[in-house]
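Shown next, in structure tokens, is the structure this report addresses.
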Amino acid sequence: MASKRIPLVAGNWKMNFDHLEATYFVQKLVWLLRDAHFDFKRCEVALFPSFTSLRSVQVLVEADKLHVAYGAQSVSVTTQGAFTGDVSADMIAHLGCSYVIVGHSERRKYHPEDDANIVDQVRAVLAAGMQPILCVGESFEERRQGIELDFAVGQVRDVTRDLNEEQAAKLIVAYEPVWAIGTGMVATPQSAQDAANAIRNDLKTTFGTKVSDSVRILYGGSVTSKNAAELISQPDVDGFLIGGAALDVEELAKIARLALKSTKSRN
């Protein structure tokens, strides 16, 4: 990871933890990291609770002045009105969220979100003053065909073609090969680097070096404390979007410490 980009360790809780469990987790995570003298200025930690827990997490973080960011797992493209079950970007922003996950493979699969909808989500998140974490990645079929890099880059390009330079610079990309999510299988560090580098080069071609050098690219897919150090040692991998391991507070703290350690080795 390039030292000028602050690593981001993002824990996606998916549909786990009620609001009481969520606040307990946040408290324990901060305690574990503080005990390890964690430098939150050199490595960012963010959590993604369910909608029902966001307000509880906000109250805790603001009251105790905790150095943990948080965000939402999805967002509606509409602002208000008769859209039962939807939650707008402005509503999420008013809860103090910094980030919103957009285009996660589970959203694409179970709540069919097409490319146009994902573009609209990204624009809604940006308009509300937050940063979108755009999830991209290939299935086994694309990988079998040898088109995984083109596929991931194409997913990013489908979004960035509608953004200007200022908007693109605020984008965070999470490369999550679908075949590695929740399976225990993980991309090799070189595969993760190849994908991240291809995405960054495409951003450079479209927007220039200033934008491409500023965009953080995360890896997701069966990340654990056993493989995190080698993954984040890759020059274009700037952190993680973590699923299963993010439900274990001690494991998540270990991964965060490894991400922080990677910044020290590059200075």
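Numbering starts at 1 and runs along the chain as it is shown here.
Here the Cβ of each residue, glycine as well, is placed from N, Cα and C on the backbone.
Some features that Swiss-Prot has for this protein:
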type	residues	note
ACT_SITE	His104	active site, electrophile
ACT_SITE	Glu176	active site, proton acceptor
BINDING	Asn12, Trp13, Lys14, Gly182, Ser222, Gly243, Gly244	substrate binding site
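This view paints the features noted in Swiss-Prot onto the structure.
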residue	record	contacts (Cβ under 8 Å, 6+ apart)
Asn12	substrate binding site	Phe48, Gln73, Ile101, His104, Gly220, Leu241, Ile242, Gly243, Ala246
Trp13	substrate binding site	Ala22, Leu47, Phe48, Pro49, Ser50, Gln73, Ala246, Leu247
Lys14	substrate binding site	Gln73, Glu106, Gly243
Glu176	active site, proton acceptor	His104, Ser105, Cys135, Val136, Gly137, Tyr219, Gly220, Gly221, Leu241
Gly182	substrate binding site	Ser222, Gly243, Gly244
| Secondary structure of Asn12 (substrate binding site) (DSSP, helix/strand/coil) | strand
| Among Gly243, Gly244, all listed as binding-site residues, which has the most CB atoms within 10 Å of its CB? | Gly243
| remark: If you count the other CB atoms within 10 A of the CB of His104 (active site, electrophile), including all protein chains displayed, you should get 28
| query | Which three-state DSSP class does Ser222 (substrate binding site) fall into? | reply | coil
| query | In which DSSP state, out of helix, strand and coil, do we find Gly244 (substrate binding site)? | reply | helix
| request: Count the Cβ atoms, other than its own, that fall within 10 Å of the Cβ of Ser222 (substrate binding site), considering every protein chain shown. | output: 20
